[in-house]
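Now, the feature entries from TrEMBL:
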type	residues	note
ACT_SITE	ASP139	active site, proton acceptor
BINDING	GLY10, LYS76, GLY77, GLY113, ASP114, GLY115, SER116	ATP binding site
BINDING	ASP114	Mg(2+) binding site
DOMAIN	2-307	domain 'Phosphofructokinase'
Amino acid sequence: MRIGILTSGGDCAGLNAVILAVVRRAVLGYGWDVVGIRQGTHGLMQDPPQAIDLNDHVNNDGMLRLGGTILGTVNKGDPFHYPMPDGSFADRSAEVIAGYNKLGLDALIGVGGDGSMAILHRLAKMGGINLVGIPKTIDNDLAQTEYSIGFTTAVNVAVEALDRLQPTAASHDRIMILEVMGRDAGHIALFAGVAGGADAILIPEMDYDLDALTEHCLNIRKRGRNHALVIVAEAVKRDDGSAVTQENDGQKIRYGGIGHWLADELGARTGWETRVTVLGHVQRGGIPSPRDRVIASAFGVHAVDLIAEGRFDRVVAWSKRKVIDVDMADVIVGPRLVDTNGTMVSTAKGLGAYLGTPPKTVRTAKTV
Ligand SMILES: Nc1ncnc2c1ncn2[C@@H]1O[C@H](COP(=O)(O)OP(=O)(O)OP(=O)(O)O)[C@@H](O)[C@H]1O
Ligand SMILES: O=P(O)(O)OC[C@H]1O[C@](O)(CO)[C@@H](O)[C@@H]1O
Ligand SMILES: [Mg+2]
């Protein structure tokens, strides 16, 4: 047997740990060959396909703690809608499938988020590829899994930022706003906000009211505290409903900047000096947390076992303290958003944090 593995979508901590787990299980457990595909689907699109032999990495224990991905990754260039140099878009899916066939692979493990998983699922159906998916993304927005690789490390980074912001906020009598990533979901902001003691947690799943937020901050002051911490997810909108974006090139939207808008508004309304930190890609890099390494290892081993059992079109998932596997069709249903009636929201509210209210319009994306 000869299996391939690729990493796709935004990188995150724990990708090399999952590659190592796949190599160890496949090589030591089954005596198979493992091929690493470079730059996600882009590596397969090249002729010859860009790939490396991963068998030698079976002894590379440094990978367990190494950030990024040794294979490289892409979160642009959908092969079904590929941007060509002349500005047009082409369907290059057949080239990706041809690349897979040229490598002589019996199965493919795709480590990706929701966007990547949807693309790989479609390619697998078209090309008869034996596909198994492994969820990764700092956004933790994949359906069916409680945790995706990279999320916990990103939360740890955001909590450390709050830990560092609190003393400087207290020293200078300020409101500190921390803007975090998460794409359309507020999981990072919510987990980090609870763990880091944020006084207000703004997430895209909840509607906020600037007057209520202002009053909340002023009440903190009245109660005798000279500083406040606010965490805001990047996809939170301005009060007129418009998103703050850095890029919208027709391929994808890149959020960023809501923290600065909020600081202007909140500073003016409260009369309290307000500063902003935009955490950005710091949340994706660095050494994976032990929990991400555990999840990556469990996912990698289970994914290889699925191939050994001939069970394809499955995605491994973390559920109720163990690894399970689910139909890929049940995973590519759009982003899994924060459950506004869930434990994390009620905990944050119970701690007295300002979160706003659930939106009046029903959101269609999954919250499970
Ligand atoms: N070659 C590609 N591989 C993966 N995604 C691609 C590619 N080209 C374009 N995309 C699009 O880019 C976006 C990547 O989104 P996203 O960054 O969410 O990726 P992901 O795999 O879901 O992982 P993550 O959420 O961690 O970044 C998706 O909407 C996807 O459709
Ligand atoms: O690396 P890029 O292309 O700027 O993408 C940033 C996006 O990727 C993520 O880090 C992971 O999906 C999001 O949280 C963020 O919106
Ligand atoms: Mg994603």
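Here the Cβ of each residue, glycine as well, is placed from N, Cα and C on the backbone.
Positions of TrEMBL features highlighted on the structure.
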| residue | record | Cβ contacts under 8 Å, 6 or more apart |
| --- | --- | --- |
| GLY10 | ATP binding site | THR73, ASN75, GLY113, THR137, ILE138, ARG284 |
| ASP114 | ATP binding site | THR137, ASP141, LEU142, ALA143, VAL331, ILE332, GLY334, PRO335 |
| GLY115 | ATP binding site | GLY9, ASN75 |
| SER116 | ATP binding site | SER8, GLY9, GLY40, ASN75, GLY110 |
| ASP139 | active site, proton acceptor | GLY113, SER148, PHE151, MET181, GLY182, ARG183, ALA185, HIS187, ILE188, PRO335 |
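For ligand 2, the binding-site residues lying close by, meaning a CB under 6 A from one of its atoms, are GLY10; the full candidate list was GLY10, GLY77, ASP114, GLY115. For the ATP site, whose annotated binding residues are GLY10, LYS76, GLY77, GLY113, ASP114, GLY115, SER116, the maximal Cα to Cα separation is 15 Å. With a cut-off of 6 Å between Cβ and the nearest atom of ligand 3, the binding-site residues LYS76, GLY77, GLY113, SER116 reduce to GLY113. Counting other CB atoms no more than 10 Å from each candidate's CB, the binding-site residues GLY77, GLY113 peak at GLY113. Mapped onto three states, the DSSP output places GLY115 (ATP binding site) in helix.
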